[in-house]
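Comments concern the structure below.
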Amino acid sequence: MFNHVTVLLKETVDGLDIKPGGTYVDCTLGGGGHSSYLLSQLTEGGRLIAFDQDEIAIQNAKEKFSSYGEQFITVKSNFRYLSEKLQELGITEVDGILFDLGVSSPQLDTPERGFSYHHDAPLDMRMDQDAPLTAYDVVNSWSYEQLVRIFFQYGEEKFSKQIARKIEAYRENKAIETTGELVELIKEGIPAPARRTGGHPAKRVFQAIRIAVNDELKVFEEALESAIEMVKPGGRVSVITFHSLEDRICKTTFKRNSTTPQLPPGLPIIPDEFKPKLKLITRKPILPSDIELEENNRARSAKLRIAEKR
């Protein structure tokens, strides 16, 4: 069962400036927290389309929101196919779109999914369990250079080379099969003083592998551009990120789409293709309140950014 504490619930949904008869998209259904609150704001003419790659999340939401009938539509798909899937439903524009980019707590708390460094489990980490690439493949098949690159780029791990060396040496004799084995190798690769600071020593490498397995950054960048195109003028996009890499993509995409490029001086009018598509609703990200942080430790790295289509 999905018992998931939703982060920045009211801020994210209220930030969409809900029109009761509008059409909205939740790109990250998960435990259905944002969807539940959003549906409660809609009248009979309104509808919500919710995306998730996880079959359990989809089935859970169908049961939970069955009373909404045709107002609630689920799509089992990666949100990288946002435009295509909406067009298949005959939808060409919407009033608002939200993304919550955190791994949902049920995925973290289900040991066999392999997302958590707190449980010993098979190395999996796939959001979509039908996808071919697993964490096992990355850890056992990717070269030393590839591992260093993802640990450094996606995990911002200072000891990327040392950890990759430990993995490379170990797998010469035996495949690395579980999260527990991987955690021990990561610990061995990090000097003892550094192991005692900055949270769990495996946190950054696990993040990096998860991002690589699910191609998360590229997928998000493409989907955010699609969302900006799909939203009507006056409609909004709300995005919750949980690490600096995602936040950087969101910030730069919103900024690029909300500023006018340098044009030759003296132009009588700005051509349409150079006019900004967006207006920033949040100049700086909205952060969880102290009360929310006390209730939900997983909210501590969350940042919310909102933009409106011009």
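The backbone N, Cα and C atoms fix where each Cβ goes, and this holds for glycine too.
For Asp52 (S-adenosyl-L-methionine binding site), the count of additional Cβ atoms within 10 Å of its Cβ stands at 27 [all protein chains shown]. The S-adenosyl-L-methionine binding site annotation in Swiss-Prot covers Gly32, Gly33, His34, Asp52, Phe79, Asp100, Gln107 and rests on sequence analysis.
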> What's the most sparsely packed of the binding-site residues Gly32, Gly33, counting other C-beta atoms within 10 A?
Replying inline: Gly33
